[in-house]
Amino acid sequence: MEAKQISPTMIPQARSSNMSLVESPHVILQPRPSNDPNDPLNWPRWRKNLNFILISYYTLMVFALIDIATVTWAPVNAELGFSYALLNDAFAAGNGALCIGGFILVPLALKFGRRPVYIFSTAAQCGMSIWYAKMRTIPELMLINLLSCTVGALAEVMVQMTVADMFYFHERGLMNSIYYWFMITGATLSPLPGGFITSNQGWRWVWWWLAILLGAGFIVFLFCYEETMFTRSTIEIEQIASQPENKEAATNNDPEALKNAPQIREVIIDYSIPQKSYWQKLALWSNTSMPLSQLFKHTYQPFLVIFTIPAVFFMSLQYGVLISCIVLPVTSLSSYMTLPPYEFNPTQIGLMGLPPFIGSSLGTLIGGFLSDYVSLYLAKRNGGVFEPEMRLWVSVAFAPFIPAGVFIFGIGLNNGANWLVPAFGLGIICFGVLPTSSAALTYLTDAYTDIIADSILGVTFVRNAILTMFIFVLQPWTDSVGLTWVYVTFGLITTVILGGNIGFIYFGKKLRAKTAARYQGFSDQKS
(Lines of atoms letter the chains of each structure in order from A and count residues from 1; the text may use other names and numbers.)
(Lines give C-alpha, C1' and ligand atoms only; values in the text may rest on other atoms or scores of the structure.)
Protein backbone atom coordinates (compact mmCIF):
# COMPACT_ATOMS: atom_id res chain seq x y z
CA MET A 1 0.00 0.00 0.00
CA GLU A 2 1.51 3.34 -0.95
CA ALA A 3 1.17 6.54 0.96
CA LYS A 4 -1.09 9.17 -0.49
CA GLN A 5 -0.44 12.89 -0.26
CA ILE A 6 -2.87 14.62 2.11
CA SER A 7 -4.47 17.67 0.60
CA PRO A 8 -5.29 20.65 2.82
CA THR A 9 -9.00 19.86 2.54
CA MET A 10 -8.44 16.48 4.20
CA ILE A 11 -7.11 18.12 7.36
CA PRO A 12 -9.77 19.06 9.93
CA GLN A 13 -10.03 22.71 10.87
CA ALA A 14 -9.70 23.92 14.45
CA ARG A 15 -13.06 24.11 16.18
CA SER A 16 -12.13 25.74 19.48
CA SER A 17 -9.34 27.52 21.30
CA ASN A 18 -8.25 24.39 23.12
CA MET A 19 -6.84 22.88 19.92
CA SER A 20 -3.22 23.42 18.90
CA LEU A 21 -1.12 22.72 15.86
CA VAL A 22 1.75 20.26 15.67
CA GLU A 23 3.89 20.62 12.59
CA SER A 24 6.16 18.17 10.84
CA PRO A 25 9.29 20.03 9.67
CA HIS A 26 9.80 17.67 6.75
CA VAL A 27 6.92 16.12 4.84
CA ILE A 28 3.24 15.46 4.58
CA LEU A 29 2.42 13.13 7.45
CA GLN A 30 1.61 9.51 6.67
CA PRO A 31 -0.02 7.50 8.10
CA ARG A 32 -2.61 10.16 8.73
CA PRO A 33 -2.86 10.73 12.49
CA SER A 34 -6.05 11.27 14.46
CA ASN A 35 -6.77 14.43 16.45
CA ASP A 36 -6.48 12.54 19.75
CA PRO A 37 -3.55 13.63 21.98
CA ASN A 38 -3.32 10.02 23.19
CA ASP A 39 -2.48 8.84 19.66
CA PRO A 40 1.21 7.76 19.73
CA LEU A 41 1.71 9.48 16.38
CA ASN A 42 0.86 12.76 18.16
CA TRP A 43 3.11 12.19 21.17
CA PRO A 44 5.87 14.74 21.77
CA ARG A 45 9.27 13.63 20.56
CA TRP A 46 10.61 12.87 24.05
CA ARG A 47 7.82 10.35 24.73
CA LYS A 48 8.43 8.58 21.45
CA ASN A 49 12.18 8.56 22.06
CA LEU A 50 11.80 7.18 25.58
CA ASN A 51 9.67 4.29 24.37
CA PHE A 52 12.03 3.66 21.47
CA ILE A 53 15.09 3.68 23.75
CA LEU A 54 13.43 1.11 26.00
CA ILE A 55 12.57 -1.28 23.17
CA SER A 56 16.07 -0.78 21.74
CA TYR A 57 17.57 -1.73 25.11
CA TYR A 58 15.27 -4.75 25.20
CA THR A 59 16.50 -5.76 21.73
CA LEU A 60 20.13 -5.33 22.77
CA MET A 61 19.71 -7.55 25.83
CA VAL A 62 17.74 -10.26 24.01
CA PHE A 63 20.38 -10.69 21.32
CA ALA A 64 23.17 -10.50 23.89
CA LEU A 65 21.47 -13.34 25.76
CA ILE A 66 21.21 -15.37 22.56
CA ASP A 67 24.70 -14.81 21.13
CA ILE A 68 27.02 -14.19 24.08
CA ALA A 69 27.11 -17.92 24.80
CA THR A 70 29.62 -18.59 22.01
CA VAL A 71 32.44 -16.90 23.93
CA THR A 72 31.87 -19.25 26.90
CA TRP A 73 32.05 -22.46 24.90
CA ALA A 74 35.68 -23.27 25.72
CA PRO A 75 35.34 -23.03 29.53
CA VAL A 76 31.92 -24.74 29.43
CA ASN A 77 33.54 -27.55 27.46
CA ALA A 78 36.33 -27.79 30.03
CA GLU A 79 34.09 -27.66 33.13
CA LEU A 80 30.97 -29.56 32.06
CA GLY A 81 32.34 -31.65 29.20
CA PHE A 82 29.81 -30.38 26.65
CA SER A 83 31.24 -30.90 23.16
CA TYR A 84 31.45 -28.06 20.65
CA ALA A 85 29.03 -29.97 18.42
CA LEU A 86 26.51 -30.15 21.29
CA LEU A 87 26.91 -26.45 22.07
CA ASN A 88 26.43 -25.64 18.39
CA ASP A 89 23.27 -27.77 18.27
CA ALA A 90 21.88 -26.05 21.38
CA PHE A 91 22.57 -22.68 19.74
CA ALA A 92 20.79 -23.85 16.59
CA ALA A 93 17.85 -25.14 18.63
CA GLY A 94 17.50 -21.70 20.19
CA ASN A 95 17.39 -20.08 16.77
CA GLY A 96 14.74 -22.60 15.81
CA ALA A 97 12.69 -21.55 18.84
CA LEU A 98 12.82 -17.96 17.57
CA CYS A 99 10.61 -19.21 14.73
CA ILE A 100 7.70 -20.03 17.00
CA GLY A 101 7.87 -17.53 19.86
CA GLY A 102 6.22 -14.75 17.93
CA PHE A 103 3.26 -16.93 16.96
CA ILE A 104 2.51 -17.39 20.66
CA LEU A 105 3.11 -13.86 21.95
CA VAL A 106 2.21 -11.47 19.11
CA PRO A 107 -1.51 -12.44 19.03
CA LEU A 108 -1.56 -11.59 22.75
CA ALA A 109 0.03 -8.21 21.95
CA LEU A 110 -2.70 -7.55 19.38
CA LYS A 111 -5.38 -8.36 21.95
CA PHE A 112 -3.95 -6.99 25.21
CA GLY A 113 -1.36 -4.49 24.00
CA ARG A 114 2.41 -4.31 23.60
CA ARG A 115 3.19 -3.34 27.19
CA PRO A 116 2.26 -6.56 29.07
CA VAL A 117 4.03 -8.74 26.53
CA TYR A 118 7.25 -6.70 26.69
CA ILE A 119 7.16 -6.80 30.49
CA PHE A 120 6.54 -10.55 30.58
CA SER A 121 9.32 -11.24 28.08
CA THR A 122 11.85 -9.11 29.98
CA ALA A 123 11.03 -10.83 33.28
CA ALA A 124 11.23 -14.27 31.66
CA GLN A 125 14.60 -13.47 30.07
CA CYS A 126 15.91 -12.41 33.47
CA GLY A 127 14.82 -15.76 34.88
CA MET A 128 16.48 -17.62 32.00
CA SER A 129 19.77 -15.82 32.71
CA ILE A 130 19.67 -16.92 36.36
CA TRP A 131 18.98 -20.50 35.28
CA TYR A 132 21.87 -20.36 32.78
CA ALA A 133 24.21 -19.20 35.56
CA LYS A 134 23.29 -22.32 37.56
CA MET A 135 23.22 -24.78 34.61
CA ARG A 136 24.95 -28.16 34.96
CA THR A 137 23.23 -30.66 32.65
CA ILE A 138 22.57 -31.10 28.93
CA PRO A 139 18.75 -31.03 29.28
CA GLU A 140 19.09 -27.70 31.09
CA LEU A 141 21.26 -26.35 28.28
CA MET A 142 18.66 -27.30 25.68
CA LEU A 143 15.66 -26.05 27.67
CA ILE A 144 17.28 -22.71 28.46
CA ASN A 145 18.08 -22.08 24.80
CA LEU A 146 14.60 -23.12 23.69
CA LEU A 147 12.68 -21.12 26.29
CA SER A 148 14.81 -17.97 26.26
CA CYS A 149 14.58 -17.74 22.48
CA THR A 150 10.85 -18.45 22.51
CA VAL A 151 10.10 -15.49 24.78
CA GLY A 152 12.86 -13.40 23.16
CA ALA A 153 11.34 -13.71 19.69
CA LEU A 154 9.50 -10.44 20.34
CA ALA A 155 12.74 -8.57 19.65
CA GLU A 156 12.43 -9.61 16.02
CA VAL A 157 8.71 -9.06 15.61
CA MET A 158 7.06 -6.60 17.95
CA VAL A 159 9.64 -3.85 17.63
CA GLN A 160 8.47 -3.31 14.04
CA MET A 161 4.90 -3.07 15.28
CA THR A 162 5.95 -0.49 17.88
CA VAL A 163 7.84 1.57 15.29
CA ALA A 164 4.75 1.56 13.08
CA ASP A 165 2.64 2.64 16.08
CA MET A 166 4.72 5.74 16.83
CA PHE A 167 6.50 6.94 13.69
CA TYR A 168 5.55 8.30 10.28
CA PHE A 169 6.76 6.90 6.98
CA HIS A 170 9.53 9.48 6.62
CA GLU A 171 10.92 8.57 10.07
CA ARG A 172 10.88 4.79 9.86
CA GLY A 173 14.04 4.31 7.81
CA LEU A 174 16.22 5.85 10.51
CA MET A 175 14.29 4.20 13.35
CA ASN A 176 14.58 0.75 11.80
CA SER A 177 18.30 1.30 11.17
CA ILE A 178 18.83 2.22 14.82
CA TYR A 179 16.79 -0.80 15.93
CA TYR A 180 18.82 -3.08 13.68
CA TRP A 181 22.04 -1.53 15.01
CA PHE A 182 21.03 -2.49 18.56
CA MET A 183 20.19 -5.99 17.33
CA ILE A 184 23.56 -6.44 15.61
CA THR A 185 25.41 -4.86 18.54
CA GLY A 186 23.79 -7.28 20.95
CA ALA A 187 24.66 -10.22 18.72
CA THR A 188 28.24 -9.27 17.83
CA LEU A 189 29.59 -6.94 20.53
CA SER A 190 28.27 -8.75 23.61
CA PRO A 191 31.06 -11.36 23.33
CA LEU A 192 33.55 -8.54 24.02
CA PRO A 193 32.56 -7.91 27.66
CA GLY A 194 31.57 -11.57 27.84
CA GLY A 195 35.14 -12.58 27.05
CA PHE A 196 36.59 -10.33 29.75
CA ILE A 197 34.05 -11.55 32.29
CA THR A 198 34.74 -15.19 31.39
CA SER A 199 38.51 -14.70 31.76
CA ASN A 200 38.31 -12.75 35.04
CA GLN A 201 35.18 -13.93 36.86
CA GLY A 202 34.30 -17.22 35.19
CA TRP A 203 31.73 -18.08 32.55
CA ARG A 204 28.82 -18.26 34.98
CA TRP A 205 29.18 -14.57 35.81
CA VAL A 206 28.38 -13.76 32.18
CA TRP A 207 24.84 -14.87 32.93
CA TRP A 208 24.67 -13.26 36.36
CA TRP A 209 25.52 -9.89 34.79
CA LEU A 210 22.86 -10.41 32.13
CA ALA A 211 20.34 -11.23 34.87
CA ILE A 212 21.22 -7.97 36.64
CA LEU A 213 20.88 -5.90 33.46
CA LEU A 214 17.61 -7.58 32.47
CA GLY A 215 16.24 -7.14 35.98
CA ALA A 216 17.02 -3.43 35.83
CA GLY A 217 15.35 -3.27 32.41
CA PHE A 218 12.26 -4.97 33.82
CA ILE A 219 11.90 -2.29 36.52
CA VAL A 220 12.33 0.57 34.03
CA PHE A 221 9.81 -1.03 31.65
CA LEU A 222 7.33 -1.41 34.48
CA PHE A 223 7.36 2.30 35.34
CA CYS A 224 8.32 4.03 32.08
CA TYR A 225 7.15 2.10 29.01
CA GLU A 226 3.79 3.32 27.67
CA GLU A 227 1.31 1.34 25.63
CA THR A 228 1.55 2.23 21.91
CA MET A 229 -1.43 0.23 20.64
CA PHE A 230 -4.05 2.71 19.41
CA THR A 231 -7.08 2.43 17.12
CA ARG A 232 -7.37 5.37 14.74
CA SER A 233 -10.86 5.89 13.40
CA THR A 234 -9.53 8.44 10.89
CA ILE A 235 -7.25 6.09 9.04
CA GLU A 236 -8.25 5.59 5.44
CA ILE A 237 -7.06 2.38 3.82
CA GLU A 238 -5.94 3.21 0.30
CA GLN A 239 -6.25 0.90 -2.67
CA ILE A 240 -3.09 1.39 -4.72
CA ALA A 241 -4.69 -0.19 -7.73
CA SER A 242 -6.92 2.85 -8.14
CA GLN A 243 -4.06 5.35 -7.89
CA PRO A 244 -2.45 6.43 -11.15
CA GLU A 245 1.30 6.42 -11.57
CA ASN A 246 2.78 9.88 -11.89
CA LYS A 247 5.45 8.99 -14.43
CA GLU A 248 5.65 12.50 -15.85
CA ALA A 249 6.38 14.01 -12.47
CA ALA A 250 8.85 11.28 -11.69
CA THR A 251 10.97 12.09 -14.71
CA ASN A 252 10.52 15.87 -14.86
CA ASN A 253 13.00 17.98 -12.91
CA ASP A 254 11.36 21.31 -13.72
CA PRO A 255 10.55 23.22 -10.49
CA GLU A 256 7.03 23.95 -11.70
CA ALA A 257 6.43 20.24 -12.15
CA LEU A 258 7.55 19.65 -8.58
CA LYS A 259 5.24 22.16 -6.95
CA ASN A 260 3.37 19.31 -5.26
CA ALA A 261 6.57 18.00 -3.66
CA PRO A 262 6.68 17.09 0.06
CA GLN A 263 6.01 20.10 2.26
CA ILE A 264 4.94 20.99 5.77
CA ARG A 265 1.47 19.92 6.85
CA GLU A 266 -0.42 20.66 10.06
CA VAL A 267 -1.95 18.12 12.41
CA ILE A 268 -4.88 19.31 14.47
CA ILE A 269 -4.87 17.98 18.04
CA ASP A 270 -8.08 18.29 20.03
CA TYR A 271 -7.06 18.82 23.64
CA SER A 272 -10.69 18.68 24.75
CA ILE A 273 -10.17 14.92 24.55
CA PRO A 274 -9.01 13.85 28.04
CA GLN A 275 -5.39 12.77 28.19
CA LYS A 276 -4.54 9.63 30.11
CA SER A 277 -3.06 10.04 33.57
CA TYR A 278 0.35 8.60 34.43
CA TRP A 279 -1.16 5.47 35.97
CA GLN A 280 -3.61 5.02 33.09
CA LYS A 281 -0.67 5.13 30.69
CA LEU A 282 1.00 2.39 32.74
CA ALA A 283 -1.98 0.05 32.95
CA LEU A 284 -0.67 -3.48 32.96
CA TRP A 285 -2.77 -4.37 29.94
CA SER A 286 -5.21 -2.86 27.49
CA ASN A 287 -8.12 -4.57 25.80
CA THR A 288 -9.43 -4.43 22.28
CA SER A 289 -12.65 -5.49 20.65
CA MET A 290 -10.85 -8.47 19.14
CA PRO A 291 -12.61 -11.67 20.27
CA LEU A 292 -10.38 -14.34 21.75
CA SER A 293 -11.35 -16.62 18.88
CA GLN A 294 -9.70 -14.13 16.53
CA LEU A 295 -6.31 -14.75 18.18
CA PHE A 296 -6.14 -18.17 16.57
CA LYS A 297 -6.10 -16.61 13.10
CA HIS A 298 -2.76 -14.99 13.82
CA THR A 299 -1.17 -18.39 14.33
CA TYR A 300 -1.70 -19.33 10.69
CA GLN A 301 -2.38 -16.08 8.84
CA PRO A 302 1.36 -15.19 8.65
CA PHE A 303 1.89 -18.27 6.48
CA LEU A 304 -0.91 -17.15 4.17
CA VAL A 305 0.68 -13.71 3.96
CA ILE A 306 4.11 -15.15 3.13
CA PHE A 307 2.94 -17.39 0.33
CA THR A 308 0.33 -15.09 -1.24
CA ILE A 309 2.12 -11.71 -1.14
CA PRO A 310 5.37 -11.88 -3.17
CA ALA A 311 7.08 -8.96 -1.43
CA VAL A 312 6.72 -10.56 2.00
CA PHE A 313 8.12 -13.86 0.73
CA PHE A 314 11.11 -12.22 -0.95
CA MET A 315 11.95 -9.99 2.01
CA SER A 316 11.69 -13.05 4.29
CA LEU A 317 14.13 -14.97 2.14
CA GLN A 318 16.50 -12.02 1.90
CA TYR A 319 16.33 -11.27 5.63
CA GLY A 320 17.14 -14.88 6.50
CA VAL A 321 20.20 -14.93 4.28
CA LEU A 322 21.40 -11.55 5.55
CA ILE A 323 21.26 -12.51 9.22
CA SER A 324 23.01 -15.77 8.35
CA CYS A 325 25.82 -13.70 6.84
CA ILE A 326 26.53 -12.43 10.36
CA VAL A 327 25.76 -15.42 12.56
CA LEU A 328 27.64 -18.07 10.55
CA PRO A 329 30.99 -16.22 10.60
CA VAL A 330 30.60 -15.51 14.32
CA THR A 331 29.93 -19.21 14.91
CA SER A 332 32.94 -20.22 12.79
CA LEU A 333 35.39 -17.91 14.52
CA SER A 334 34.25 -19.17 17.94
CA SER A 335 35.18 -22.70 16.84
CA TYR A 336 38.22 -22.16 14.58
CA MET A 337 40.03 -19.19 16.08
CA THR A 338 40.63 -21.10 19.31
CA LEU A 339 42.80 -23.47 17.23
CA PRO A 340 46.25 -22.95 15.64
CA PRO A 341 47.45 -20.68 14.12
CA TYR A 342 45.28 -18.24 16.11
CA GLU A 343 44.77 -19.96 19.50
CA PHE A 344 42.58 -17.11 20.75
CA ASN A 345 41.40 -17.08 24.35
CA PRO A 346 37.85 -15.98 25.33
CA THR A 347 38.93 -12.35 25.68
CA GLN A 348 40.44 -12.32 22.18
CA ILE A 349 37.38 -14.05 20.74
CA GLY A 350 35.28 -11.33 22.35
CA LEU A 351 37.45 -8.62 20.79
CA MET A 352 36.50 -10.00 17.37
CA GLY A 353 33.13 -8.41 18.03
CA LEU A 354 34.63 -4.96 17.49
CA PRO A 355 34.84 -5.10 13.66
CA PRO A 356 31.13 -5.99 13.27
CA PHE A 357 30.28 -3.25 15.75
CA ILE A 358 32.29 -0.68 13.79
CA GLY A 359 30.85 -1.85 10.47
CA SER A 360 27.26 -1.84 11.69
CA SER A 361 27.72 1.57 13.34
CA LEU A 362 28.99 3.08 10.10
CA GLY A 363 26.17 1.36 8.22
CA THR A 364 23.64 2.88 10.62
CA LEU A 365 25.09 6.39 10.37
CA ILE A 366 25.19 6.31 6.59
CA GLY A 367 22.36 3.97 5.65
CA GLY A 368 19.78 5.16 8.18
CA PHE A 369 19.86 8.78 7.09
CA LEU A 370 20.37 7.83 3.45
CA SER A 371 17.23 5.68 3.44
CA ASP A 372 14.93 8.54 4.45
CA TYR A 373 16.83 11.12 2.38
CA VAL A 374 16.68 9.05 -0.81
CA SER A 375 13.00 8.30 -0.23
CA LEU A 376 12.19 11.99 0.18
CA TYR A 377 14.26 12.92 -2.86
CA LEU A 378 12.58 10.31 -5.05
CA ALA A 379 9.15 11.27 -3.71
CA LYS A 380 9.91 14.85 -4.74
CA ARG A 381 10.77 13.68 -8.25
CA ASN A 382 7.55 11.66 -8.23
CA GLY A 383 5.36 14.72 -7.74
CA GLY A 384 5.32 14.39 -3.97
CA VAL A 385 4.05 10.80 -3.94
CA PHE A 386 6.06 8.31 -1.87
CA GLU A 387 6.26 4.67 -2.94
CA PRO A 388 7.73 1.97 -0.67
CA GLU A 389 10.00 0.65 -3.45
CA MET A 390 12.02 3.85 -3.15
CA ARG A 391 13.53 2.34 0.02
CA LEU A 392 15.20 -0.44 -1.94
CA TRP A 393 17.72 1.77 -3.74
CA VAL A 394 19.70 1.80 -0.49
CA SER A 395 19.80 -2.02 -0.60
CA VAL A 396 21.25 -1.93 -4.11
CA ALA A 397 23.95 0.52 -3.01
CA PHE A 398 25.09 -1.52 0.01
CA ALA A 399 24.52 -5.06 -1.29
CA PRO A 400 27.98 -5.56 -2.93
CA PHE A 401 29.73 -5.20 0.42
CA ILE A 402 28.03 -8.29 1.83
CA PRO A 403 29.29 -11.09 -0.47
CA ALA A 404 32.67 -9.34 -0.63
CA GLY A 405 32.95 -9.55 3.15
CA VAL A 406 31.80 -13.19 3.14
CA PHE A 407 34.53 -14.10 0.64
CA ILE A 408 37.23 -12.23 2.58
CA PHE A 409 36.25 -13.81 5.89
CA GLY A 410 35.93 -17.41 4.69
CA ILE A 411 39.02 -17.53 2.50
CA GLY A 412 41.13 -15.66 5.06
CA LEU A 413 40.10 -17.90 7.96
CA ASN A 414 40.60 -21.07 5.94
CA ASN A 415 44.14 -20.06 4.93
CA GLY A 416 45.22 -18.93 8.38
CA ALA A 417 45.64 -15.32 7.26
CA ASN A 418 46.48 -12.60 9.76
CA TRP A 419 43.54 -12.11 12.13
CA LEU A 420 42.99 -8.68 10.61
CA VAL A 421 41.75 -10.32 7.39
CA PRO A 422 38.73 -12.18 8.84
CA ALA A 423 38.15 -9.20 11.14
CA PHE A 424 37.99 -6.88 8.13
CA GLY A 425 35.65 -9.31 6.37
CA LEU A 426 33.29 -9.29 9.37
CA GLY A 427 33.27 -5.51 9.44
CA ILE A 428 32.49 -5.27 5.72
CA ILE A 429 29.65 -7.78 6.08
CA CYS A 430 27.98 -5.80 8.86
CA PHE A 431 28.51 -2.51 7.03
CA GLY A 432 26.43 -3.88 4.15
CA VAL A 433 23.94 -6.01 6.08
CA LEU A 434 22.59 -3.33 8.37
CA PRO A 435 21.31 -0.82 5.76
CA THR A 436 20.10 -3.63 3.48
CA SER A 437 18.16 -5.42 6.22
CA SER A 438 16.79 -2.17 7.56
CA ALA A 439 15.56 -1.21 4.08
CA ALA A 440 13.80 -4.57 3.74
CA LEU A 441 12.03 -4.23 7.09
CA THR A 442 11.10 -0.60 6.44
CA TYR A 443 9.78 -1.52 3.01
CA LEU A 444 7.41 -4.04 4.57
CA THR A 445 6.39 -1.60 7.30
CA ASP A 446 5.60 1.09 4.71
CA ALA A 447 3.91 -1.16 2.15
CA TYR A 448 1.93 -3.39 4.52
CA THR A 449 1.43 -1.29 7.64
CA ASP A 450 -1.99 -2.72 8.45
CA ILE A 451 -0.74 -6.31 8.51
CA ILE A 452 2.79 -5.64 9.75
CA ALA A 453 2.39 -8.06 12.68
CA ASP A 454 1.54 -11.00 10.43
CA SER A 455 4.13 -9.94 7.85
CA ILE A 456 6.97 -9.71 10.36
CA LEU A 457 5.89 -12.97 11.99
CA GLY A 458 6.23 -14.64 8.60
CA VAL A 459 9.56 -12.94 7.96
CA THR A 460 10.87 -14.06 11.34
CA PHE A 461 9.77 -17.65 10.80
CA VAL A 462 11.50 -17.90 7.42
CA ARG A 463 14.57 -16.00 8.67
CA ASN A 464 15.11 -18.31 11.63
CA ALA A 465 14.29 -21.44 9.64
CA ILE A 466 17.01 -20.48 7.15
CA LEU A 467 19.45 -19.57 9.92
CA THR A 468 18.77 -22.78 11.86
CA MET A 469 19.30 -24.85 8.72
CA PHE A 470 22.65 -23.18 7.99
CA ILE A 471 23.87 -23.54 11.59
CA PHE A 472 22.99 -27.25 11.68
CA VAL A 473 24.74 -27.97 8.37
CA LEU A 474 27.71 -25.63 8.91
CA GLN A 475 29.99 -28.12 10.65
CA PRO A 476 29.36 -31.17 8.40
CA TRP A 477 29.42 -28.90 5.34
CA THR A 478 32.78 -27.47 6.42
CA ASP A 479 34.17 -30.93 7.15
CA SER A 480 33.12 -32.01 3.65
CA VAL A 481 34.36 -29.17 1.44
CA GLY A 482 36.39 -26.83 3.67
CA LEU A 483 35.78 -23.29 4.89
CA THR A 484 36.74 -21.66 1.60
CA TRP A 485 34.09 -23.38 -0.49
CA VAL A 486 31.45 -23.04 2.23
CA TYR A 487 31.81 -19.27 2.25
CA VAL A 488 32.33 -18.90 -1.50
CA THR A 489 29.11 -20.84 -2.11
CA PHE A 490 27.28 -18.90 0.56
CA GLY A 491 28.52 -15.61 -0.88
CA LEU A 492 27.24 -16.55 -4.34
CA ILE A 493 23.83 -17.52 -2.93
CA THR A 494 23.69 -14.17 -1.16
CA THR A 495 24.57 -12.30 -4.36
CA VAL A 496 21.76 -13.94 -6.32
CA ILE A 497 19.14 -13.24 -3.66
CA LEU A 498 20.18 -9.62 -3.16
CA GLY A 499 19.84 -9.08 -6.90
CA GLY A 500 16.09 -9.52 -6.47
CA ASN A 501 15.89 -6.00 -5.03
CA ILE A 502 16.36 -4.60 -8.53
CA GLY A 503 13.33 -6.52 -9.74
CA PHE A 504 11.19 -5.18 -6.91
CA ILE A 505 12.30 -1.60 -7.57
CA TYR A 506 10.85 -1.82 -11.07
CA PHE A 507 7.98 -4.28 -10.62
CA GLY A 508 7.13 -4.08 -6.91
CA LYS A 509 4.32 -1.57 -7.34
CA LYS A 510 2.61 -3.72 -9.97
CA LEU A 511 2.86 -6.73 -7.68
CA ARG A 512 1.34 -4.72 -4.85
CA ALA A 513 -1.48 -3.62 -7.13
CA LYS A 514 -2.24 -7.22 -8.09
CA THR A 515 -2.36 -8.31 -4.45
CA ALA A 516 -4.13 -5.19 -3.11
CA ALA A 517 -7.46 -6.98 -2.64
CA ARG A 518 -5.73 -9.81 -0.79
CA TYR A 519 -3.94 -7.30 1.43
CA GLN A 520 -7.25 -5.58 2.14
CA GLY A 521 -8.75 -8.91 3.14
CA PHE A 522 -5.94 -9.67 5.57
CA SER A 523 -6.20 -6.14 6.97
CA ASP A 524 -9.94 -6.53 7.60
CA GLN A 525 -9.25 -9.66 9.66
CA LYS A 526 -6.58 -8.15 11.90
CA SER A 527 -9.00 -7.12 14.63
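Just so you know, glycine gets a Cβ as well, placed from its N, Cα and C.
Sequence-distant contacts of the transmembrane segment (50-70) (same chain, six or more residues past either end, CB-CB distance under 8 Å): 40, 87, 91, 94-95, 98, 118, 121-122, 125, 128-129, 148-149, 152, 154-155, 158-159, 162-163, 166, 175, 178-179, 182-188, 190-191, 194, 206, 210, 213-214, 217, 220-221, 224-226, 228, 327, 330-331, 334, 349. Feature annotation from TrEMBL assigns transmembrane segment to 50-70 (among others).
What TrEMBL lists as transmembrane segment is 90-110 (among others).
Positions annotated as transmembrane segment by TrEMBL: 141-159 (among others).
Same-chain neighbours of the transmembrane segment (179-199): 55-57, 59-64, 66-68, 70-72, 75, 155-156, 159-160, 163, 205-206, 209, 326-327, 330, 334, 345-354, 356-357, 360-361, 363-364, 368, 426, 430, 433-434, 437-438, 441, counting only residues six or more beyond its ends whose CB sits under 8 Å from a CB of the stretch. Residues or ranges marked as transmembrane segment in TrEMBL: 179-199 (among others).
Residues annotated as transmembrane segment in TrEMBL: 205-225 (among others). Counting only same-chain residues 6+ beyond the ends of the transmembrane segment (205-225), those with a CB under 8 A from a CB of the stretch are 50-51, 54-55, 57-58, 61, 64-65, 68, 71-72, 115, 118-119, 122-123, 125-126, 129-130, 132-133, 193-194, 197-198, 282.
Using a Cβ-Cβ cut-off under 8 Å and counting only residues 6 or more beyond its ends in the same chain, the transmembrane segment (303-329) has close neighbours at 67, 95, 184, 187-188, 356, 402, 405-406, 409-410, 422, 425-426, 429-430, 433, 436-437, 440-441, 443-444, 447-448, 451, 454-455, 458-459, 461-467, 470-471, 474, 487, 490, 493-494, 497-498, 500-501, 504, 508, 511-512, 515, 518-519, 522. Annotation comment: TrEMBL describes 303-329 (among others) as transmembrane segment.
Residues or ranges marked as transmembrane segment in TrEMBL: 349-371 (among others).
Counting only same-chain residues 6+ beyond the ends of the transmembrane segment (392-413), those with a CB under 8 A from a CB of the stretch are 173, 322, 325, 329, 332-333, 336-337, 363, 367, 370-371, 374, 378, 421-422, 424-433, 435-436, 439-440, 443, 483-484, 486-488, 490-492, 494-495, 498-499, 501-502, 504-505, 508. The annotation transmembrane segment is assigned in TrEMBL to 392-413 (among others).
Annotation source TrEMBL lists transmembrane segment at 419-444 (among others).
Residues annotated as transmembrane segment in TrEMBL: 451-473 (among others).
What TrEMBL lists as transmembrane segment is 485-508 (among others).
Packing against the transmembrane segment (141-159) from elsewhere in the chain are residues 55, 58-59, 62-63, 65-66, 82, 86-87, 90-91, 93-102, 104-106, 109, 114, 117-118, 120-121, 124-125, 128-129, 131-132, 135, 179, 183, 453, 456-457, 460, 463-464: each is 6 or more residues past its ends and has a CB under 8 Å from a CB in it.
Counting Cβ pairs closer than 8 Å to the transmembrane segment (451-473), the top stretch among 90-110, 349-371, 485-508 is 90-110.
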